[in-house]
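See below for the structure under consideration.
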Amino acid sequence: MLSSRKKYIVNGNSGIKTQIQFADQKQEFNKRPTKIGRRSLSRSISQSSTDSYSSAASYTDSSDDETSPRDKQQKNSKGSSDFCVKNIKQAEFGRREIEIAEQEMPALMALRKRAQGEKPLAGAKIVGCTHITAQTAFLMVSFCFFFSGFPVFAWKGESEDDFWWCIDRCVNVEGWQPNMILDDGGDLTHWIYKKYPNMFKKIKGIVEESVTGVHRLYQLSKAGKLCVPAMNVNDSVTKQKFDNLYCCRESILDGLKRTTDMMFGGKQVVVCGYGEVGKGCCAALKAMGSIVYVTEIDPICALQAWVWLLFRLVGVYIYCFSCNKNVVTREHLDRMKNSCIVCNMGHSNTEIDVASLRTPELTWERVRSQVDHVIWPDGKRIVLLAEGRLLNLSCSTVPTFVLSITATTQALALIELYNAPEGRYKQDVYLLPKKMDEYVASLHLPTFDAHLTELTDEQAKYLGLNKNGPFKPNYYR
């Protein structure tokens, strides 16, 4: 969707996310700083962002090569070393993974065909940070449909310092001024806002897809500090009704079973939060025969869930409410029964108070990749998955088709903000126009051989609608 004069660069942050840049092909990327001290980046910025934003993983498989990718000298097939990955020899395997994902992402394929003629992002310079999956990789490939390749900065098992190093490598490039931000969690937006304020002021638009990142954008807007129009993709109808619900419904058990090999029939499970993510998790667990309890703070969601509070008797504890802190505290963890599984389906790593478990009286025992036993002095242990970070993307995979919906929504939001005439969007946070939500849904209907009926002129007049939509008001969610 960019002109042939452009190329893009993908940078990674935690094995869960990836940073991306789109820049002029003439840009000399070898001007990147060759050496940056491991602790030279601002720790005050990193720490404050860690508290609110970061979903970076700090674990590394014992079987992995202990050499950091930052210390390796690697070249791709074209002789370029402008990337940082764990093993460049896995490139062909990654390509096959992307090709598999492509089959389940029909809407992006449709946008790619349309973009061949329109080139709606010609001239865009996009810097981004999103999860590393085959599906997001296909989104990046779709942005660069006309280009021969792109560098990548990403590897699984990054430390917190690696996480911010990759972001800075993506942003701090001589002569580089991005004009769009594609973010997931607010880490990148936060970094540019705090560390490169002059660069931030020149951004044309921000697209954010997570609860956490959207929350931070609204905070900036309320404080009068958001000097850039931003699109809230997370609260688009298609994201809420499909990705948040169906993605988690299909992936929660996948992650739990891969890490624990546990039978969930008859297990007592507490799910904290009954939003769309919580609804999906509850549906999957109930279908497996689990006894599900739900906790909530929202009376509407609580009424939906018939809330039950039960900490001492549960066997599995799942947190599903993003953008919060210490919902599961040390007190709760102390009261849990032996062998209770604790995991997080929220975006960040602050929902479970993992820091309170790193004390001398408790023993940590690595069981397998992304599975830890935390052992109390009396021998009681809990099973902590992914160190309290996002379970499905850390421990399993996610269904491609539902992610196709989110990826298409992100792409359309970028196109909308980038091509919007002067004055259409102020320095505020906006919801995706309902017409675009409906367009995303319509692009996926042919997969099911589904066909829409059409209002008659009389019906459209009676309802006060345009026959071609939008069919829902802007306030509908």
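If you go along the chain as it appears here, the first residue is 1 and each next one adds 1.
Cβ from N, Cα, C; glycine included.
For reference, TrEMBL has these:
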BINDING   T133, D184, E209, K239, D243  substrate binding site
BINDING   G275, E276, V277, G278, K279, G280, E296, N392  NAD(+) binding site
COMPBIAS  32-41  compositional bias 'Basic residues'
COMPBIAS  42-61  compositional bias 'Low complexity'
DOMAIN    244-398  domain 'S-adenosyl-L-homocysteine hydrolase NAD binding'
REGION    23-81  region 'Disordered'
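This view paints the features noted in TrEMBL onto the structure.
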{"residue": "T133", "record": "substrate binding site", "CB count, 10 Å": "21"}
{"residue": "D184", "record": "substrate binding site", "CB count, 10 Å": "26"}
{"residue": "K239", "record": "substrate binding site", "CB count, 10 Å": "25"}
{"residue": "D243", "record": "substrate binding site", "CB count, 10 Å": "26"}
{"residue": "V277", "record": "NAD(+) binding site", "CB count, 10 Å": "28"}
{"residue": "G278", "record": "NAD(+) binding site", "CB count, 10 Å": "27"}
{"residue": "K279", "record": "NAD(+) binding site", "CB count, 10 Å": "21"}
{"residue": "G280", "record": "NAD(+) binding site", "CB count, 10 Å": "24"}
{"residue": "E296", "record": "NAD(+) binding site", "CB count, 10 Å": "22"}
{"residue": "N392", "record": "NAD(+) binding site", "CB count, 10 Å": "24"}
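Spatial neighbours are here defined as Cα atoms within 10 angstroms of one another, and by that definition E276 (NAD(+) binding site) has no neighbours among the binding-site residues T133, D184, E209. Take the mean position of the Cβ atoms of T133, D184, E209, K239, D243, the recorded substrate site; other residues of that chain with a Cβ within 8 Å of it are T130, H131, S210, V233, N234, L403, T406, A407, Q410. By a simple count of nearby Cβ atoms, those within 10 Å, the most crowded of the binding-site residues E209, E276 is E209. The closest partner of E209 (substrate binding site) among the binding-site residues, by CA position, is V277; the full candidate set was V277, G280, E296, N392.
Taking the Cα atom of each, K239 (substrate binding site) and E296 (NAD(+) binding site) are about 22 angstrom apart. Between the farthest pair of Cα atoms in the substrate binding residues (T133, D184, E209, K239, D243), the distance is 17 Å.
Annotated pair G280 (NAD(+) binding site) and T133 (substrate binding site), C-alpha to C-alpha distance, rounded: 21 Å. Residue density at G275 (NAD(+) binding site): 21 other Cβ atoms are found within 10 A of its Cβ, drawing on all protein chains shown.
Looking at V277 (NAD(+) binding site) and D184 (substrate binding site), their Cα atoms lie 16 Å from each other. For D184 (substrate binding site), the nearest neighbour among the binding-site residues G275, E296, N392, judged by Cα separation, is N392. Within the set of binding-site residues G275, K279, N392, the entry lying nearest in space to T133 (substrate binding site) is N392 (CA atoms). Taking the C-alpha positions, the distance from E296 (NAD(+) binding site) to D243 (substrate binding site) comes to 21 Å.
Distance between Cα atoms for G278 (NAD(+) binding site) and D243 (substrate binding site): 12 Å, as a whole number.
Along the domain 'S-adenosyl-L-homocysteine hydrolase NAD binding' (244-398), the predicted structure has mean pLDDT 84.
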